[in-house]
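Colleague: Got a structure for you, questions after.
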Amino acid sequence: MPPKFKRHLNDDDVTGSVKSERRNLLEDDSDEEEDFFLRGPSGPRFGPRNDKIKHVQNQVDEVIDVMQENITKVIERGERLDELQDKSESLSDNATAFSNRSKQLRRQMWWRGCKIKAIMALAAAILLLMIIILIVVKFRT
C-alpha cells in the first residue's frame, strides 16, 4: 500500500494543471491509492525556474562558444608564431651567411688589388731597369 498523502491540495500545488484535470482528479471520489499520483512538481514553481535555467544554459552555451573560438584563435596564433619564428631563424641564418660571404669576398678583392699593384710595381721596375741598362750601355760605348 502506498504512503498516505493529504487529500486536499492547496491552489499552489495545482496551478500548473489544466482545469479539466483538476476537476476530474480532485472532485471525484477516489481511492487513497490514486492520490499517490496527484502530487508532483507544480507549474509556477518550475515555470520561472525552468526559464532561468534555460537562460543560464544559453549563457553557458554562449560562453562555451566564445571559449572555443578563443582556443581556436590561440592555436592559430601559435601556428603563426611558429611560422614567424621559423622565418626569423631562416633570415638570421641567411644574414650570417651573407656576412661571412661578404667578408670572404672583401678579402679576395683585397688580394686581387695587392696582386695588381705587385704586377704594376714589377712591370715598372723592369721598365726602369731596362731604361737604366740602355743608358749605361750607351755611355759605355
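Yeah, the Cβs are placed from backbone N, Cα and C, and that goes for glycine too.
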Colleague: Tell me which residue from SER20, SER30 Swiss-Prot records as phosphoserine.
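Modeller: According to Swiss-Prot, the phosphoserine annotation belongs to SER30.
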Colleague: For the domain 'v-SNARE coiled-coil homology' (52-112), jot down how many residues DSSP puts in helix, in strand and in coil.
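Modeller: Its residues fall into 61 helix, 0 strand, 0 coil.
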Colleague: Within the domain 'v-SNARE coiled-coil homology' (52-112) only, compute the mean pLDDT.
Modeller: 96
